[in-house]
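Written below as structure tokens is the structure these notes are about.
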Amino acid sequence: MELCPSVKNVLLLDSEGNRVAAKYYCDDWPTNSAKEAFEKAVFTKTQKTNARTEAEIAMIENNVVVYKFVQSLHFFVTGGEDENELILATVLQGFCDAVGLLLRGHVDRREALENLDLILMCLDEIVDGGIILETDPNVIAGKVASQSVDAGGPLSEQTISQALATAREHLTRSLLN
Amino acid sequence: MAQPFVKKDDDDEEAEYSPFLGIEKGAVLQEARVFNDPQLDPRRCSQVITKLLYLLNQGETFTKIEATEVFFAVTKLFQSRDIGLRRMVYLMIKELSPCADEVIIVTSSLMKDMNSKTDMYRANAIRVLCRITDGTLLTQIERYLKQAIVDKNPVVASAALVSGIHILQTNPEIVKRWSNEVQEAVQSRAALVQFHALALLHQIRQNDRLAVSKLVTSLTRGSVRSPLAQCLLIRYTSQVIHESASNSQTGERPFFDYLESCLRHKAEMVILEAARAITELNGVTSRELTPAITVLQLFLSSSKPVLRFAAIRTLNKVAMTHPMAVTNCNIDMESLISDQNRSIATLAITTLLKTGNESSVDRLMKQITNFMSDIADEFKIVVVEAIRSLCLKFPLKYRSLMNFLSNILREEGGFEYKKAIIDSIVILIRDIPEAKESGLLHLCEFIEDCEFTYLSTQILHFLGIEGPKTSDPSKYIRYIYNRVHLENATVRASAVSTMAKFGAKVESLKPRIFVLLRRCLLDSDDEVRDRATLYLNTLGGHGSEVETDENMNEFLFGSLEVPLVNLETSLKNYEPSDESFDINSVPKEIKSQPLAEKKAPGKKPATGLAAPPSGPATTVDAYERLLSSIAEFSSFGKLFKSSAPVELTEAGTEYTVNVVKHIFDRHVVFQYNCTNTIPEVLLENVAVIVDSSDAEEFSEVASKPLPSLPYDSPGQTFVAFEKPDGVTAIGKFSNILKFIVKEVDPSTGEAEEDGVEDEYQLEDLEVVAADYILKVGVSNFRNAWESMGADYERVDEYGLGPRENLTEAVNAVINLLGMQPCEGTEVVPSNSRSHSCLLSGVYIGNVKVLVRLSFGIDGQRDVAMKLAVRSEDESVSDAIHEIVASG
């Protein structure tokens, strides 16, 4: 008997139901087409509901799915039939808010894809192999952000040519804007 | 630099813009070559990894070669000290899940990171290494993992603990050595560390009940702060309560106070977990339920849909067993019928239908009618099933409920939904006689415009049985004959059968039925024409010899005596020859249903249109084939019954033996299934010496030893006994396993020349009365009971003495008789004082037996039972009583 609360998947879809990022932690959906079919079912069943102010909930294919829509992104967390709904909702809240923090409030498909590395790291910090790792959005975002602040790397590690290239890029951008 | 990834210049125009537009696997794999540059550009490398991860995330797969190449390239990136890049490297390695010989390449890098001063490196390196490693490497890193578990940084500790939980699945013996460290971590101040440590500690100890019980006892005194850990503790506690439930009814339930105190916790997830745990306690009393119901009631009016859903879902389950406990919430639930979330609304409706009283039915039905139009089929089915049980509860209200069903039957809907409605109407017709005529007409109307062949044929079949018994059977003929003109061949054939049934039962309609049937002789379909010809002959429509009434009725209305699955396998096994197929050779035993079917809620057998449950018949077949292949037993005739295997040795002994009892008319064959569990020995000449001195009526006629029994390949040896014909002889047999032991050289696998004779005491075996009764169900017990008649009915009363509860008494009698419980009557509602149970079976000699049991329990838990038996043979009815009297 599985006693530890577990998450079956965490999904991030755009407003048309396309996958932005998804992570599956169990073998219920072994192939990509099975995954896509599940995502489609989840998206169509929840599409017309209003899950903006509060997280919503539905039973889909004998799973509990909690979900929330923020701007143009749809967040989902799936658990087993008997899972404590509020535990799943806590995971969902952590995911939504952490993504909100990481994307600095621009929660849309484009912003998410442009910062996909952050989103994927964020997923990695929330659930590990189905076990809940962290649910506090500030802690999650903090762990992800601390690692990406200096993504450019300290200047000393950049070669001259790279430094020049970066500078050129900055210049062109400032000229164009 | 070609970096579409960070270009922000060309946005705004199209919303469909994606940084990954036009991305191609081949190109990205090419790009991954930058990982090999002597001068690494961390940003660019991060971007390429992101692209690779994007591809994987979208479902793209890498071939083995591609994955290996990427993996080796990625390992080069450990040279860079860029934190962000390292993080992406970790992610990438986890996604690639490298094979064992690849893991070695990164092991040293990861182990270095595991000892780094940077917490993030330590935490992630642990997670990555534990994810990809196998057992051999674990012993090397075990020391670091134990340290990490008690690391003062919670992220590192959690990483090690969670990894421990994963590793425990594959290498439990290693993780079990960390018990001390894990125990220390349970006391951590960090909420999630406590949660992870508790989860791991419990998994380490889960097979040791006493240790789990101790763990729960010490922790429920209150050192757990994290809500998630508290939820875990509640789950462990209810498990402990469940396992120690045997002495619960007398005294206080252990740990109940703890569960109740959790209802006052400040975290909602803990309150819900505790409330749910209380409602799911075995034999929960209404006093115990009250506090849990009260908090759930508060949740019902929460602004959060998730909370409302969780509460109503729990209450719905409670209402199935304790409807009265939930009535206090009725007002709150009625306001949920208009909830935005349709799942919540549906749950509210179905709960109300269970808790409502007779006077509120009409008001509820009005609310539901408005509600039905805007929910999906899956919810509608749930509502229909709830209405069906409501109608059976309040039969007087059948009129409004039947109207409701017929109204929704006319509306749009898919197959499953329509089938649920039809099933409900059929059950109402069967159980409420007043509802029959109106119900049948609703069904007739439905098949006039029904797009589902399956439903049409089922309804036609049902009409054929019930229609002729109504006051005016002729009014149904038109609906049925219309099918012959308008439908496909399957439906036409079934309409022909139905008409024939009307013709057989209603003498006045016969001539007109003949006219209709003759028209069907020109049908384009073979089956339809064949059926019409067949029925015309049976009913005498061709002026030929008329069958006797009894034969005709048996032919038209008699039930198929064999389970369909068994018939199917027998037909498949039948090889065309001069000998025609004999239906009497089909085994009649119904195998117990697989667990999954039993779990399906609300789907009691024999309540719908569906046929009685039938399971796989493979084992019966296999036994029959096995026995008939042995010359000594081939003359014993037809196998009547094979018992389930009975273990004669305890688990984990050197030799394991179980026995299957095969019952024939005049013989009994014991099939001993033996397994040798010692790799170093070979057994030869294995036989069982049976002492039947305590079984006087049996005499041994044959024995078939097993020539050789190598390690781990089971073999069978048989012993056959003769017994008086038709007598249900019972007795006890003691068994000794005799054999010659030969040692086997483990390196060559060859046995030594010489062996030693040895024997091994097995447990005793009994042949009991239940071995002579086959579990054969009937689809409609009342009909079967009535048609059996009271000629050989025997009724008597018995005192069963003090019992724990009624369930125990009912199961004891069912097991004693070895008969099939019908219509789900083996389930005793909790806390009930009386219960009726219906059993059916076939006694040896192919005699049908039906049993009606009525149980009652008094304050001292003394159980009394009234036993009524009907069978086709007086002596069999008496025999059943004898079994109970002597059992």
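Placed from the backbone N, Cα and C atoms, the Cβ positions cover glycine too.
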Inset, instruction - Out of B:592-616, B:692-716, B:742-766, let me know the one TrEMBL marks region 'Disordered'. - result: B:592-616
Inset, instruction - Average the pLDDT scores across the domain 'Coatomer gamma subunit appendage Ig-like subdomain' (B:622-767) and report the rounded value. - result: 83
Inset, instruction - Pull the DSSP breakdown for the domain 'Coatomer subunit gamma C-terminal' (B:770-884) and write it out as helix, strand, coil residue counts. - result: 34 helix, 45 strand, 36 coil
Inset, instruction - Determine how many residues of the domain 'Coatomer gamma subunit appendage Ig-like subdomain' (B:622-767) DSSP places in helix, in strand and in coil. - result: 13 helix, 77 strand, 56 coil
